[in-house]
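A short worksheet on the structure shown next.
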Amino acid sequence: MLTARGLRRLAAAVCLARRSASAVAALPGAGAARFHDYDAAITECVERRALREGRQVHARMVAAGYRPALYLATRLVIMYARCGALEDARNVLDGMPERNVVSWTAMISGYSQNERPDEAWELFIMMLRAGCEPNEFTLASVLTSCTGSQGIHQVKQVHAFAVKTNFELHMFVGSSLLDMYAKSENIQEARRVFDMLPARDVVSYTAILSGYTQLGLDEEALDLFRQLYNEGMQCNQVTFTALLNALSGLSSMDYGKQVHGLILRRELPFFMALQNSLIDMYSKCGKLLYTRRVFDNMPERSVVSWNAMLMGYGRHGLAHEVVQLFRSMRDEVKPDSVTLLAVLSGYSHGGLVDEGLDMFDHIVKEQSTLLNIEHYGCVIDLLGRSGQLQKALNLIEKMPFQPTRAIWGSLLGACRVHTNVHVGEFVAQKLLDIEPENAGNYVILSNIYAASGMWKDVFRVRKLMLKNTVIKEPGRSWMILDKVIHTFHSSERFHPRKEDINAKIKEIYVAIKAAGFVPDLSCVLHDVDDEQKERMLLGHSEKLAITFGLMSTPSGITIQVMKNLRICVDCHNFAKFVSKVYGREISLRDKNRFHLITEGACTCGDYW
């Protein structure tokens with residue numbers, strides 16, 4: 001709505017427009033009066049986004065036969081574009097006998113801000129052909145429309161034009177360039193633009209941080225934040241949200257608490273997205289007590305907040321907490337598709353097979369419009385974890401979606417756990433047809449054969465990997481101590497304290513064996529003798545990381561370890577016995593879920 005002053009201006013303009021053109025022309029200074037009144041009225045409409053009143057002013061101008069000059073016509077384009085009436089804005093632009101860079105840019109910006117990238121790009125090309133030189137605002141606006149399959153090529157074209165016209169280092173253009181390069185996963189070029197900017201603001205800082213985070217380059221994002229913060233970077237809620245996403249990936253509790261403290265000291269107003277990122281960060285660091293505290297203290301919660309909390313419980317296998325929270329949620333907000341996915345995932349990780357199947361049947365009957373392929377994937381995962389592999393296959397055949405590589409991959413992993421060669425071969429062939437370059441599928445099939453003692457088939461699969469030049473992703477584990485990330489690979493040879501670690505792990509092995517630990521030799525997938533298998537098991541990256549944590553942290557501190565792949569049964573048992581013998585709490589986060597191990601027992605209930 002317009003203010004009282006604005007309404008008075010509009011009324012004056014409307015009254016003026018009602019007079020005939022000849023009568024107005026006869027008044028002294030009437031032309032100037034009309035211009036200023038129309039300008040004031042349109043400006044008020046722009047500020048208030050008052051589309052209806054703006055159309056009235058435009059209509060009176062037309063009725064009075066008043067032909068707006070370039071400036072007023074441009075103001076009309078801006079008014080319509082700001083109000084989202086893009087067709088009206090384009091009609092005004094097309095009817096202008098003369099246009100300047102502001103006119104073109106206003107229309108391009110309107111298309112960009114209203115997610116009509118094709119029209120923005122086409123108008124930009126038309127502007128260039130008309131001989132109008134873009135300015136920094138034009139380039140920044142059109143860059144945000146460089147999306148889709150041709151997006152990166154368009155960004156490079158605009159970038160080349162910006163270099164040619166000396167706009168590359170302008171703040172608006174540079175920030176837009178690095179943002180679009182980052183979003184298109186060209187982080188090296190984004191960083192080059194960032195480093196070249198003569199001055200940087202919070203927008204450019206946040207864009208490059210978000211780019212690193214989106215690509216999973218969490219260590220690089222954290223290093224960059226430390227550097228920029230030491231340089232006096234001013235952070236806003238978007239910057240902190242991007243940083244928290246990086247810390248979630250690293251599972252860095254120490255840094256996460258420091259950032260949370262920094263947010264509190266800045267006394268930022270309540271931003272729901274920022275609080276949701278805190279929930280996600282704490283849950284991925286294995287601290288559900290802090291997660292729930294943030295959640296409970298939120299003055300307002302969206303469905304995203306509830307979903308983040310549900311996902312947190314689900315990752316830790318706390319299926320009963322998922323169910324309880326889901327019941328509470330329905331009293332406050334309406335569940336969406338992600339909610340149902342979180343609940344089904346919670347049932348799957350918690351081993352509540354019958355309850356999960358009942359929930360799925362209820363969703364099919366009552367909320368089938370919310371179902372997508374991921375929900376079916378959760379149920380197939382649930383059946384696979386419980387060993388019901390044939391039922392999982394039957395569901396794949398009946399579901400109204402084409403099975404994805406993720407669904408087949410989940411089922412193949414279940415075949416590995418339950419050593420089902422028949423189903424495993426069938427599923428593996430499906431995956432090898434879909435993605436012959438994925439080393440994980442060959443490895444899991446090889447593992448299935450090895451667990452069944454089918455060594456000829458193991459060698460056949462490995463030869464096939466060599467033939468197709470497929471390289472297995474190496475397992476690695478890492479932990480953060482004193483703000484340093486320590487990474488371990490199997491049979492670590494490069495860590496500066498490798499000799500101390502090897503001596504300590506042998507000492508641990510003797511102690512936990514005396515307490516009843518028995519190595520699970522089935523986790524060694526090579527045809528070698530038992531003694532050699534035990535030596536190979538001791539070299540697993542999780543064991544090395546746990547050992548280093550035991551050496552390097554005082555008692556009473558949780559040993560936090562992350563791994564890029566799924567933890568094996570032997571390493572899981574190793575962690576449980578270390579926890580029991582040495583009285584230490586161990587938090588293990590693998591590719592799929594969390595394991596919080598205390599006094600020899602894991603929150604997963606040995607079901608993962």
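Keep in mind that glycine also has a Cβ here, set from the backbone N, Cα and C atoms.
TrEMBL lists 516-608 with the feature domain 'DYW'. Residues or ranges marked as repeat 'PPR' in TrEMBL: 100-134, 201-235, 302-332.
Long-range Cβ contacts of the repeat 'PPR' (201-235) within its own chain (Cβ-Cβ under 8 Å, at least 6 residues beyond either end) map to 171, 174-175, 178-179, 181-183, 185, 187, 190-191, 194, 242-243, 245-247, 249-250, 252, 255, 262, 266, 485.
According to DSSP, the secondary structure content of the domain 'DYW' (516-608) in residues is 38 helix, 16 strand, 39 coil. With a threshold of 8 Å between CB atoms, the same-chain residues lying at least 6 positions outside the repeat 'PPR' (100-134) that come near it are 70, 73-74, 77-78, 80-82, 84, 86, 89-90, 93, 141-142, 144-148, 154, 161, 165. Outside the repeat 'PPR' (302-332) by six or more residues, the chain places 272-273, 275-276, 279-280, 282-284, 286, 288, 291-292, 295, 338-339, 342-343, 345-347, 349-352, 355, 593-594, 596, 603-605, 607-608 with a CB less than 8 A from a CB of the stretch.
Look at the repeat 'PPR' (100-134): DSSP puts its residues at 26 helix, 0 strand, 9 coil.
If you take every residue in the repeat 'PPR' (302-332) and average the pLDDT, you get 92. Secondary structure of the repeat 'PPR' (302-332), assigned with DSSP and counted as helix (H, G, I), strand (E, B) and coil, comes to 24 helix, 0 strand, 7 coil.
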